[in-house]
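Written out below as structure tokens is the structure these notes cover.
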């Protein structure tokens, strides 16, 4: 009698890597739509540019490695990396920002370590941190939500600002940002931290135009949209609940502790949950199966650590949002976390 010999794993999921990546992209659509609605066409332009550059880089690297570029592109991992970076940067950033970021993400953070499944760090977050440290002005040049601007940038103006540096009136992005009276161009997290450091109370800070009833205008709905997409991923079992729930719990827990011991010195848990890249990070970034912890207990520790670090960086760090730094710090700790949380082998 003949038996087939195959290497592990012997229990396989019916979903391929490409299926998982396509579902991630589909569930990220609500967040993309919300970002485009509140912050303009720049997000869509950045996304199309990022996908084009990522596909070209992925194909080029695979050819250099003497492997099939078609098979690599079919798993959609490069598209997911491009998507995450495109929605993380300011919509009207210069075109070369996303190009440089994707070179670091695809070439260095992914293929330098061996390609898909071998990278110890999240490629999109590596790219984001490199860009933020190297080009802080371009990476923090966020426009106010469309709702707060009298003349939002049109599709043509957005295209001109990204690829030419000036709009149809000859104004640069920085000139446009400083030309809007009475509205700070800082994100809600940055505005909140700056206002508190200036000695203003929390109630005074929340009266600024970019804040609405419970968080920053636009940002709250963007986070709710990513939360909706993340819940769909959970329902479909594309991701597991441990990391996103632990991350949100870590963020809320540390924010509540700060409110308890130093009231009025930090933002409330609600503002932290619905500002910045909280939901995008919890459901679409931290859950990266390659760079995240692999045990159930480890995922809880990993997620909680990210949430706590996000709060610490947001409150006392030098950058307004801390999701990217928190994820990369947690990626560094994954081998240690997995070592001490690996399940006991039966019989030992």
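Each residue's number is its place along the chain shown, starting with 1.
Just so it is clear, glycine is given a Cβ too, placed from its N, Cα and C backbone atoms.
Database features, via Swiss-Prot:
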type: MOD_RES; residues: 187; note: FMN phosphoryl threonine
type: TRANSMEM; residues: 23-43; note: transmembrane segment
type: TRANSMEM; residues: 44-64; note: transmembrane segment
type: TRANSMEM; residues: 72-91; note: transmembrane segment
type: TRANSMEM; residues: 126-146; note: transmembrane segment
type: TRANSMEM; residues: 214-234; note: transmembrane segment
type: TRANSMEM; residues: 243-263; note: transmembrane segment
type: TRANSMEM; residues: 266-286; note: transmembrane segment
type: TRANSMEM; residues: 300-320; note: transmembrane segment
type: TRANSMEM; residues: 321-341; note: transmembrane segment
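Of the candidate ranges 72-91, 126-146, 300-320, 72-91 contributes the most Cβ pairs within a distance under 8 Å of the transmembrane segment (44-64). Using a cut-off of 8 Å between Cβ atoms, the transmembrane segment (214-234) and the transmembrane segment (300-320) share fewer than three residue pairs, counting only pairs 6 or more apart in sequence. Listed in sequence order, 142, 216, 219, 275, 276, 320, 321 are the same-chain residues six or more apart from the residue listed as 'FMN phosphoryl threonine' with CB atoms under 8 A from its CB.
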